[in-house]
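What Swiss-Prot annotates here:
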- 15-22, 63-67, 125-128, 158-159: GTP binding site (BINDING)
- 37-45: motif 'Effector region' (MOTIF)
- Cys201: S-geranylgeranyl cysteine (LIPID)
- Cys203: S-geranylgeranyl cysteine (LIPID)
- Cys203: cysteine methyl ester (MOD_RES)
Amino acid sequence: MSTRRRTLLKVIILGDSGVGKTSLMNQYVNNKFSQQYKATIGADFVTKELQIDDRLVTLQIWDTAGQERFQSLGVAFYRGADCCVLVYDVNHLKSFESLDNWHNEFLTRASPRDPMAFPFILLGNKVDIDGGNSRVVSEKKAREWCAEKGNIVYFETSAKEDYNVDDSFLCITKLALANERDQDIYFQPDTGSVPEQRGGCAC
């Protein structure tokens, strides 16, 4: 019986403090949500094992503190990432306006071989608050931002209600796997092919 290949994927989650990055991770990995807010200091990661088709995947999800003083965590933290997840709070305009900075921060620090093809995904979190009546960033506005950045995949989520959490992380895993395959192709000798630009997620 052949041994199935196990793949380690590194995913980095970026966004302002308080947008729910840690809550999304905990809901996905531990099926838990806490009402108490505790700021992440520096960086931390959790792992989750899953199977995609015939691949055994270990998803290593890195959570960063969103405070400005922790924004530059160092090149080593970003390098080797297979996917970058950007998170904002649909009820907090500043967290949406900060997305450009986080997007640029990642590209500058991680220096992906093909920035236009590198997989990003955007999560608009906390859609459950006040039944959606408190939101200040529309889905249309978020999707327009994604289109400007090369058709980034977008999900609206609620860590508290476990809304779209599993679906979004499954998509993240598939995007990361696709990026890993593109990197394998890139390093093959005598190839003139360029990794295809992302357009969506076959979730």
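Using the three backbone atoms N, Cα and C, a Cβ is placed for every residue, glycine included.
Looking only at other Cβ atoms within 10 Å, the busiest spot among the binding-site residues Val127, Ala159 turns out to be Ala159.
There are 24 other Cβ atoms within 10 Å of the Cβ belonging to Thr64 (GTP binding site).
Each of the binding-site residues Gly15, Gly18 was scored by how many other Cβ atoms lie within 10 Å of its Cβ, and the smallest score goes to Gly18. On the 0 to 100 pLDDT scale, the motif 'Effector region' (37-45) averages 58 in the predicted structure. All protein chains included, Lys21 (GTP binding site) registers 26 other Cβ atoms within 10 Å of its own Cβ.
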